[in-house]
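Visitor: Okay, these came from Swiss-Prot:
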type     : residues : note
REGION   : 521-547  : region 'Disordered'
TRANSMEM : 21-41    : transmembrane segment
TRANSMEM : 145-165  : transmembrane segment
TRANSMEM : 173-193  : transmembrane segment
TRANSMEM : 203-223  : transmembrane segment
TRANSMEM : 233-253  : transmembrane segment
TRANSMEM : 258-278  : transmembrane segment
TRANSMEM : 345-365  : transmembrane segment
TRANSMEM : 374-396  : transmembrane segment
TRANSMEM : 403-423  : transmembrane segment
TRANSMEM : 431-451  : transmembrane segment
TRANSMEM : 465-485  : transmembrane segment
TRANSMEM : 492-512  : transmembrane segment
Amino acid sequence: MAFEELLDKVGGFGPFQLWNVALLALPRVLLPMHFLLPIFLTAVPAHRCALPGAPANFSHQDAWLEAHLPREPDGRFSSCLRFTHSRALPNTTLWGLGQSPGEQLEGEPSTVPCPQGWEYDHSEFSSTIATEWDLVCEQKGLNRATSTFFFAGVLVGAVAFGYLSDRFGRRRLLLVAYVSALVLGLVSAASVSYTMFAITRTLTGTALAGFTIIVMPLELEWLDVGHRTVAGVLSSTFWTGGVMLLALVGYLIRDWRWLLLAVTLPCAPGILSLWWVPESARWLLTQGRVEDAHRYLLRCARLNGRPVGEDGLSREALSKVAAAERVVRRPSYVDLFRTPRLRHISLCCMVVWFGVNFSYYGLSLDVSGLGLNVYQTQLLFGAVELPSKLLVYLSVRHAGRRLTLAGTLLGTSLSLGFRLLVSSEMKSWSTALAVLGKGFSEAAFTTAYLFTSELYPTVLRQTGMGLTALVGRLGGSLAPLAALLDGVWLSLPKLAYGGIALLAACTALLLPETKQAQLPETIQDVERKSAPSSLQEEEMPMKQVQD
């Protein structure tokens with residue numbers, strides 16, 4: 001008897017599974033709020049060199065700035081430089097206000113970086129880490145690097161949580177992730193220096209990686225084949241809710257410390273909710289924990305209204321399933337490359353996940369230059385994800401996972417490519433293409449999560465998810481730094497995001513299709529297929545169920 005047959009007895013989709021999805025909704029909402037938080041935490045408002053002694057009369061401000069600040073080629077006052085000596089401006093009324101007339105210098109006046117710090121426009125943000133620690137001009141790289149540090153932490157956490165949850169269980173490691181994220185988030189909000197903030201945010205990313213690695217498999221491993229797609233897409237809408245909620249919370253809370261607290265404190269009720277979250281019965285059986293699996297399966301049958309008693313779900317039957325699925329030795333990342341088909345799957349998934357994350361976060365963190373303020377842009381980027389979910393739901397059921405993933409990545413690449421052809425004056429077209437690209441990239445992200453969870457066997461599912469998430473977060477950590485390439489050529493970041501998305505689209509076509517296939521439970525289930533193109537062709541040992 002395979003686990004799918006046990007699941008058929010107790011109900012593969014019902015109140016038990018819906019309750020499980022609801023309990024695991026909170027981490028799906030919190031993830032985008034933390035991952036996209038740099039949009040607000042690192043925002044750089046308009047700024048200029050601090051000029052002590054500026055006239056109180058606002059009507060003379062322009063003349064005062066003209067005397068002290070150079071202009072950029074576009075005519076704006078410089079944000080990073082001031083004249084070494086104030087210029088003498090003829091016909092100015094500043095002299096009559098008791099201000100020094102400055103010096104009349106021959107040639108081009110010399111400039112210096114702001115020696116007395118900066119003054120910031122606080123009309124949009126009362127405080128960000130950029131204004132708190134002057135992470136502008138020569139220090140702007142440190143401001144961008146905070147996102148890289150965070151995703152580097154997620155990268156490390158993906159490895160750790162993927163491996164440890166396969167060894168010690170999904171539920172236990174989810175508790176570790178919740179507690180760690182809560183404590184580290186609170187410490188981050190209390191940071192007294194940039195160094196302290198960078199370290200604690202990196203560690204917070206490590207903790208939050210547990211959410212990304214554990215939640216989706218913990219949902220899917222309780223679902224039958226026929227409902228995996230709808231449940232996967234449904235649960236991914238919680239991510240979209242988090243994206244839109246972040247726009248609202250960011251609009252209401254303009255101080256970075258309080259904003260960080262607002263997105264961290266919900267971890268507390270999440271910890272309490274774990275009391276009702278069931279451990280994966282699939283995983284329990286692979287570990288030989290028959291009694292625990294029996295208890296959860298009976299609970300599932302009771303909530304789903306299935307008349308399964310002790311005789312209908314005997315411990316002897318479970319012991320046979322456990323004996324067939326028990327892991328002889330602990331899984332390791334080497335196992336993902338030990339056999340031909342798993343090696344093929346792992347290498348392709350690594351490329352795909354790098355491209356998905358690199359393009360998604362490159363698009364998501366670029367909220368400037370669209371003719372909208374940061375809150376409107378964030379809300380619009382969140383709203384477009386809803387129709388993206390519908391696109392995924394319809395496409396994966398008819399076209400399959402592989403073509404859907406490749407198509408959405410191609411759409412992301414084309415949207416970025418067309419933006420390169422649109423001039424900066426065409427704000428409406430630029431906004432439309434940015435929103436379209438964001439929608440395609442979100443659809444690719446949703447499909448990648450569902451697809452990857454179905455490709456790996458139960459005994460290595462968390463390990464495989466951890467590896468691909470590791471490489472994906474590497475892409476996410478490089479995306480903010482790629483934005484610095486605009487100093488070389490303004491269009492270079494978009495070209496990089498689009499090019500990598502195109503490479504990922506081509507690689508996705510090399511993956512096996514999982515539409516209509518039951519979840520593989522052992523490495524042998526994966527390797528038994530000799531054809532590299534599909535998990536649903538001949539010699540499939542697992543029962544096929546119409547999606």
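The backbone N, Cα and C atoms fix where each Cβ goes, and this holds for glycine too.
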Visitor: Count, for each of 345-365, 374-396, 431-451, the Cβ pairs lying under 8 Å from the transmembrane segment (233-253), and report the range with the highest count.
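Guide: Looking only at 345-365, 374-396, 431-451, the most contacts with the transmembrane segment (233-253) come from 374-396.
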Visitor: Before we move on, state whether the transmembrane segment (345-365) and the transmembrane segment (431-451) share at least 3 Cβ pairs under 8 Å, counting only pairs 6 or more apart in sequence.
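Guide: Yes, the transmembrane segment (345-365) and the transmembrane segment (431-451) are in contact.
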Visitor: Do the transmembrane segment (431-451) and the transmembrane segment (145-165) come close, with at least three CB pairs under 8 A (pairs 6 or more apart in sequence)?
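Guide: No, the transmembrane segment (431-451) and the transmembrane segment (145-165) are not in contact.
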Visitor: Flag the pair the transmembrane segment (403-423) / the transmembrane segment (21-41) as in contact if three or more Cβ pairs fall under 8 Å (sequence separation 6 or more).
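Guide: Answer no, regions not in contact.
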Visitor: Among 173-193, 203-223, 374-396, 465-485, which stretch has the most Cβ pairs under 8 Å to the transmembrane segment (21-41)?
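Guide: That would be 203-223.
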